[in-house]
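K.L.:
Sharing the record's features from TrEMBL:
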DOMAIN    43-192  domain 'Fimbrial-type adhesion'
SIGNAL    1-22  signal peptide
Amino acid sequence: MKTQFRIMASVIGLVVSGAVAAAGVTTNPGSTAGTQGTGGQVEFTGSITDVSCNVTSKSANQQVDLGKWAKSYFTGSGIETTKTAFHINVEDCPSSVTQVAVLFDGNKDKTDSSLLAINTGTGNATGIGIKLYEENQSKQVALGAVTDKHPVTAGTSGTGSADLTFYADYKSTGTAVTTGNANGVADFNMVYN
């Protein structure tokens with residue numbers, strides 16, 4: 001009888017502790033975690049939709065040649081090279097998608113966090129970063145933020161497309177630019193409506 005009682009008490013203890021955990025009560029992290037106080041709640045929201053366009057294969061993994069520049073061109077901090085255009089094209093957009101934008105991100109330059117960092121290590125240039133621009137060539141694209149919206153052109157088969165133009169150049173971040181490869185990588189995600 002004692003054995004059954006212990007088993008039953010253990011089962012009831014597990015059920016009660018599971019109910020407490022399900023109710024959102026957290027365990028005490030102990031005194032080494034510091035003084036505890038009241039907290040709050042974080043609610044995550046969102047939805048799953050079928051609204052999407054397809055990035056063309058030509059746009060998905062492209063290389064943009066920013067050219068070869070003499071280090072003597074960069075006579076001080078903030079010197080920029082000629083801007084080079086690049087495009088991101090989307091197709092097969094459903095009729096519910098009327099606008100599209102891009103969110104660029106990547107490693108930020110350590111001296112100027114508004115610039116995309118160039119790769120580091122042996123054989124790579126230093127003292128410059130890559131600056132991205134909107135189509136108007138005057139507004140900088142902020143890394144980690146959504147670009148200006150671009151209209152989607154409706155197609156004859158009920159799907160649309162868009163050709164988004166951006167520009168990039170090199171910008172010096174100091175007076176000591178060194179020679180080497182000046183490559184950098186920006187990741188991007190499409191943002192609809």
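Just so you know, glycine gets a Cβ as well, placed from its N, Cα and C.
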K.L.:
Based on DSSP, tally up the residues of the domain 'Fimbrial-type adhesion' (43-192) by helix, strand and coil.
P.N.:
7 helix, 58 strand, 85 coil
K.L.:
If I take every residue in the domain 'Fimbrial-type adhesion' (43-192) and average their pLDDT values, what number comes out?
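P.N.:
A mean pLDDT of 93 is what the predicted model shows over the domain 'Fimbrial-type adhesion' (43-192).
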